[in-house]
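To start, the structure under review is shown below, and the notes come after it.
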Amino acid sequence: MGCRCDTRVYSAEEKKPAPDVLAKGLSQGRNCTNMTWIVVLVLYSALMLFVSIEAIRLANPWKFIYGTDSNRDVCGMRNRVSGNDLTSKPFLYQETSSCVTTCPLGYVVSRLQRCVRDATYFRNLSGAVESSERPVDSSHHIQQQHREQRQRRELRQMSPVSQDAIYRFSILPGKQGKQMEGLLESIVQNISLCRLELFYMCLIAVGCSVFIVLLLRFLTNLIVWFFLLTITALSIGSTIFLWLQYDLKQRRKEPSHLFYYGAISSTVGAAVYLLILFVLRKRIHLTATLFQEAGRALSSLPLLFLQPLWTLVVSIGFSALWLYSFMFVVAAAADVQRKREDEGYNHTLGQMVYTSSPSYDKHLANIFMCGPWLHLLGLLWWTRIFLACQHFIIAGSVASWYFSRYKNALGFPILRATSILVAYHLGSIILGSLLTSLMQLLRITLAVASKIAAHNRCSHCCTVCCSCCLAIFERFLKYINRNAYILISIHGYPFCEAAHEAFGLLSSNILRLSAINSVGDFILFLGKVAVVAASVIFGLEMQQAGEMQEMGVSYYWVPILLGAIFAWLIADYFLAVYEIRVFTMEPLNHIIWALL
C-alpha cells in the first residue's frame, strides 16, 4: 500500500479554490489522512487471523451438525482434541450417546449420520400380532424377543420419528410434522419445476428496471410530477369519497362515526400534503434537476454500474471465509465454556483451574471466550469498509465528472478515484467504518440483552428504547459519513474535519435536504414497486394461461412470490446506483454554493 504524500491540504477556514482548480485537485495537492487507523486495522486483523488459526487447529465445529458421543467426540472422524479415531464408527446412536458401526434393528441412518427410529418398523411392530410362539432354545431368538419387548415399551413413551429432528422437523408431533415435511418438499419441487418461468420473470425485471432508468434520464420532470399529482388526486379523491359515505350514512340513519373520523383524518392529511407540496415546489424542481444530472452522469460513466457488483462479490467472499473461521471460533469457545463448567473456574484469579490435562492454554482459553465477539466486530468493520470504498469511488468519479469543464475528455475517473482512495485516504475510510460498525455492535449487544431480559418488563423496555435511540443515531452517523467521504474525495480532508464540515453543510440546508430525500426516496420506491408489479403480473398471466398447472405445480404462489423477491432485488440494484449518484450530486451542489 503506497502513500504519496504531497504538498498541503486546504483547511476549512481557508478559502477554497474555484471548481476548475478543484477538478485538478482531485488527484493533486493531497496528504495522507488518518494513517494510524490503517495500522490499527492491520493489528486487529492479525489478531483475528491468529485466533482463527488456533481455533482451526484445536476445535471441531462439526459437532454442531453431527452431534457428539458421551466423550464429546464426533463420530466418523479423527478427533484432534481427545485423540480418538472414530473413522470406523460413522453413526451416532443417541439413546446411548455412542458411536456405532451400524445402526441397531429398527433404526435408520439420517442425513446427519444419526441413528433415528424407523417409523414404519415401529408402526408394524406395535400393530403386529404374534400368531405363533417363538423358539426359546436359541439365544439369538431370545435376545431378539427381549429387544422387541423393550422397543414396545419405549414406543409407548416416545412417539416415533422417521428422520433427524433438525432436518425433518420432528419437533412437531406426528401429523403436523408430516404436513410440514410435505409442504417443504412441495415448495422445493415447485421451484424446481418453474426454473424457466423464474428466469423469465427476472428478465422482465431487468427490462423494466432499465426502462425506468431511461425514463428518469430523459423524462425526469414528467415522471416526478406525474407521481406527485397522482398522489394528490388519490388523497383528494379519498377525502371526497369518505365525506360522501359519511353523508350517505347520515341520511340512512346508520352508524357513521368511523367514516366521520376517517374523513376528518383524510382531510387534514390532504391539506397538510398540499401545503407541503406548495411550499416545497421549488425544492421538487431541484430534485428533478438532480435526477437529470444523475442521468447525465450515468450516460458518461456507465461502468459505475459495476461498483455495487464488485462490492457484493468481495463482501460475499469475505463473509464466506469469515463464516468458516467463525464456526471454529464458536466451537473453541464452547469447549472452553464446557471445561469451565466441568473442571471449575476461579473467578478471583480469572483463570481456569484444571483437574486434568487441559486442551487449551489458559491465556488462549480467555482469548477464545472473546473470539466470537472479536470476529463479529471484524465482520461488521470489514463489510462497512467495502461499502465505504464504494461510496468514495462513486463520489470521486461523479465529482470528477461534475467539476470537469470538458466532460468528454475525462480519461479514467473511476480508476483515478480508486488510486486516490488507496494512496491517500484509506485511513479515513477505516475510521469512519469503525464508528458505524461499533454502533452496529452495540445494537446487537442490546438485542441480545433484550432477549435475555424479556421476562423483566422494565429491563426489556429500557433495552428496546436504547436500541431505538442507537438505530436513529446509527442512521445519522451513516449519512454524515457518506457526505464526509464526498468532501474527502474532493478536498482531501481528514475524516473528522470532513465530518465536521459535512454536518455544517447539512444542518444549514436541512429543509432542502428533507425535500430531496423524501421526494427522491419516494420516486425510487415507486420505481421498484412498478418493477415488482410487472414481474408479478407476468407470473399471474402464466398461471392464468395454465402453464404452471400443466407442469404439475400445486402451489403457484411459490414461484410468483420468489420471482417478486428477485425482481425487488434486481430493481434495488439498478436504482441503488442511481440513488447514490442523486444523493452525491446534492452535497456537490452545496459545496459549489459554499465556494461561490
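Including glycine, each Cβ sits where the backbone N, Cα and C put it.
Caution: TrEMBL annotation is automatic and unverified by curators.
The stretch that TrEMBL tags with transmembrane segment, taken from the ranges 423-442, 483-502, is 423-442.
Taking every recorded stretch in 198-216, 258-280, 309-334 and counting its Cβ pairs under 8 Å to the transmembrane segment (522-542), the highest total belongs to 198-216. Counting Cβ pairs closer than 8 Å and at least 6 residues apart in sequence, the transmembrane segment (423-442) and the transmembrane segment (35-56) reach three or more and so form a contact. Take the transmembrane segment (35-56) and the stretches 198-216, 222-246, 258-280, 309-334, 554-575: counting Cβ pairs under 8 Å, 309-334 has the most. Long-range contacts of the transmembrane segment (198-216) within the same chain, counting only residues at least 6 positions beyond its ends with a Cβ under 8 Å from a Cβ of the stretch, are 191, 223, 291, 294-295, 298, 523, 527, 530-532, 534-535, 538-539, 542, 559, 562-563, 566-567, 570-571, 573-575, 578. Among residues of the same chain six or more beyond the transmembrane segment (554-575), those with a C-beta under 8 A of the stretch's C-beta atoms are 186-187, 190-191, 194, 197-198, 201-202, 204-206, 208-210, 212-213, 305, 308-309, 524, 527-528, 531-532, 534-536, 539-540, 543, 548.
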